[in-house]
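*Asks:* A single structure is presented below for examination.
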Amino acid sequence: MANTTPRYSNSTLSLYHSCPPGLGGDDCQSATCNSTFVPPSSRSLKPANVATCPRCTDGFGGLNCNICQSADSCGTAATSLNIRPAAGETLTCHQGPRPISTTQLQCNINQPTLSTFYPGKSIVMTMTKVVQPDNTTLTGLPSWPAVGGTTTSQVWLDGVMQYYCQASNCSSTNSTTPVSTGGSGGSDVWTCSELKCYCPPTTAMCSGNGGGIAMEGIVNQLSGTLSMPCDYGEDGKTKCQFKGGQLTTYLGEAGLPLEDCTFSSCVTQSELSAFWLSSESKSAQAKEKDDTLSGPVIGGITVLCVVVAALLGLLLCGWWQRRRAQRRPKGGEAVRAVGVAWEDVDYRVSRKAAPKWLGGSKTSAPLHDDAESPHQEKTAGETLPSLDTAAAHGHILHHVSGHAPPGSLVAILGPSGAGKTTLVELLAGKEKSGAFKGNIRLDGAGEDLSATSPGRRLLAFVDQEDQLPAYSTVREALRFAAELTLPDNVPEEEKRGIVQSVITTLGLGAVADSIIGERGRRGISGGEKRRVSIGIALVARPRILVLDEPLSGLDAYNAARVMMALRQLASGDHEGGAGTTVILTLHQPSSQMFHMLDQAILLSAGRTLYAGPPGEAMRWCEETMGHPCPRGHNVADHLLEIAMRTSGTRQEDHSGGSSPKREAAVAQTGQMIPRTTSTTTTWFTQVRALTRRYLSTAKRDAAGPLAHLVGHIVLGLIVGGAFFHVATTISGFQNRVGSLYFLFMLMLFASMSAMTSIHAVRPLMARERSDGLYSPWAFLVAHGTYDIVFLRLIPGLLLSTILYWMVGLRSSAASFFEYLLLALIFYIDTTLYMLLLGSLFTNLSLSILGASTFILLNIAFGGFLLNLSTIPPVLRWIQWLAPMKYALEGVTQHEIKGLQVNDRVGGVPVGLSAELIAPGLFSLTGSYYRDLLVLALGFTVGYALLLAGAVWWRMRDRR
């Protein structure tokens, strides 16, 4: 039955005054068959008793035969109708959602409410999108009264039209947001204004006679804008949404959900080629617009420049401060020694040990402070009682009092577990984990006793355990200590003289230029290391020197030599000396050493048994304790035997009447002893000294730096060879992105060495920081600069360069340097994170676990293995915490700019822009500048601040 094109007065929709292709009959409410190559007025009407046309022209289908179904359908239909396109042109079926001239569309409507009203029925939408009328001369398509930038759409229920709409001022744009949650290629958004609809009162939906509600009033009132996003689909069937204006009000944000959408447009090959070129040009313009420096981006770059300028200004300021400190005049007269008095010192620790990863220390877990076993040993001929002291219950010191006058040599004696180490650590101002009560005051006759006062260093401490730089020589270790403990205004010649004097005094001349060494690397002996530890404290010429078991590990000759040096230091009998108060713990001194002392203090079970001159000790043993010292017996050994005998009983303090100086000492007033962590030199001096030591260590232990350098080169060659000169096909494009993914994975794994390196220097740093050699910030700057520059940036530069040119990425210099900038910033970010883990956890296993989790999340959410748009929303947020996502996204977006992919799909040549493929394959849609700023400002600054906090809080000497 032939179609007619009536004019009607029941509708106000101007675009239906002449029936569009696929419509006919009364009021254009019937579907027509044949194909779009048949004039609308000549197409046969679809029978009313079927949902779709029973027969269409070969190659066409759909409810009203408007959809071409294969690439050659248009040419076949035209030939069958004896229609010829322009000379030299071939027809093809374009099945994309973006219209070239006129595009026909058919979708199934999947709206829950409509499906409920009309169960089991087919609800379909057909549509004609017109960008511009078809070129009938070029394509051979029949003309009809099409208007550019318009849309006509119809809704069908089991093949019967229910209502129809029109919209004008339409245009098409690309969007990276897909309609479906699984969409990966973005969408085309067809946007119109002035939406109007007409609902004939006799149809089922409009009248409500078909079982639903009467929609006539609702449909006829629809107005406003129309937005119709459609996913880009490879199979020509995809999802769309018919929404906007009052549709959103009635149906929600998704409007009318459309599924199984098919698109059809018969165009010539020249039109299609021009369309692709135009699309690429628009995409490039849009990309260029995205890459244009917007206000926020310019602001971010400005902040970055300010940060860099601030760092340079800080460096210059540090240099100037050092120069000013060097010009400060030295004090002309010698600074005298300072005495120490302590009264009613009581100390307890908790029986429950703190977790090591939370900063638990060696003194918070055990309840005994000395290195030896707390259990008593047997001496020849007698059995001593077991150590049942209050220390076993966490009470280390019991109201201990004493006094070390200025310039005196005072030794604290006692058996293991007596509290010697705890007492000297408290006197040295060390940070302790237990509960402290009592008064510890300085005796300086009104002098400036602050830790930061000019002149000599106030206090130095020698720990019981040696922590020394393994790859420094003895002279270098002492020189390092002298540079950081003596003020900046002390001339270099004087510092060298002090170092040489200490070397001579301690008998270290034979090993002065020998490497100290460590376990696994041969160096000086244990006794020599002990003397080096003492020498590091002596070069500071402190006013108070506290030593914990300084003679352990020394033979009799060297022990006597050290004691003589301490005696001379206390008395001021050395070059430029003005006296030093020396307080030390001794375990079993010889008789000669014992009588070198000015005062001996005997502790037992945390209580003071004796405090007085060594010469009065024999009388005290006989008269007070009733245990006279046998003739020819070492008085110090006899004192220890008495302490061992009394350690198992709760006795009163027996020292009260034996040392008249004690009462006078504790009655003095003074200042609370200051912390010893204050530094003497400027931070610029500290950074310079630390950096020089790192470079010296790298020169002597070159295995680490060489392994980083060679490893990066070898891996770059291997990966570059695997992706050598990738093709510009679709698979080659995937390999191109894969090579970048491998680059960032290699950087992730290589950065783990930063975690182990900071963990290795942790004990030495904690000891030197506690001794006030340098601040945590100076350490962080020096260590971070060495690690990042020499172990990351230089090897990373070689790796990135090799990979870039072997893979065959963009060959322009500007592109290479932009790629290199992003890659190296990513390497810095991962290194900072690994340093953060290494400084945060004392347990290396926990650091490795944290690093493994970080690497796994970056690999999974980096955007290559998983399409980020397909990840469930509950986990999708993790991608924003993965720096690899920004690095891969930024470099990929930068690399694909202007890249043309040429391949064959199903035997058909395809030429596409890589910018159209990338969102579908990897869901990487960001901007280079945005990703660069997120990495540089977000992750770099964020990780750096967290690292600084972790170094300050966690890398300290806790006792």
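Each Cβ is built from the backbone N, Cα and C atoms, and glycine gets one as well.
This is the feature table in TrEMBL:
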- 297-320: transmembrane segment (TRANSMEM)
- 357-380: region 'Disordered' (REGION)
- 367-380: compositional bias 'Basic and acidic residues' (COMPBIAS)
- 382-630: domain 'ABC transporter' (DOMAIN)
- 647-669: region 'Disordered' (REGION)
- 650-664: compositional bias 'Basic and acidic residues' (COMPBIAS)
- 702-727: transmembrane segment (TRANSMEM)
- 739-761: transmembrane segment (TRANSMEM)
- 789-807: transmembrane segment (TRANSMEM)
- 819-837: transmembrane segment (TRANSMEM)
- 844-866: transmembrane segment (TRANSMEM)
- 932-953: transmembrane segment (TRANSMEM)
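Describe the structural surroundings of these features, if you would.
*Replies:* Residues 733, 735-736, 738-739, 742-743, 746, 750, 753, 757, 790-791, 794-796, 798-803, 805-808 of the same chain lie 6 or more positions beyond the ends of the transmembrane segment (702-727) yet place their CB under 8 Å from a CB of it.
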*Asks:* May I ask you to check whether the transmembrane segment (739-761) and the transmembrane segment (819-837) make contact, with contact taken as at least three Cβ pairs under 8 Å and only pairs 6 or more apart in sequence counted?
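*Replies:* Yes, these stretches are in contact.
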*Asks:* Can you tell me which parts of the same chain pack against the transmembrane segment (844-866), counting only residues 6+ beyond its ends and a CB-CB cutoff under 8 A?
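*Replies:* Same-chain contacts beyond the ends: 357, 737-738, 741, 744-745, 748-749, 752, 755-756, 759, 833-834, 837-838, 878-879, 881-885, 888-889, 892, 922-924.
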*Asks:* So what's the mean pLDDT when you look at the domain 'ABC transporter' (382-630)?
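*Replies:* Average per-residue pLDDT within the domain 'ABC transporter' (382-630): 86.
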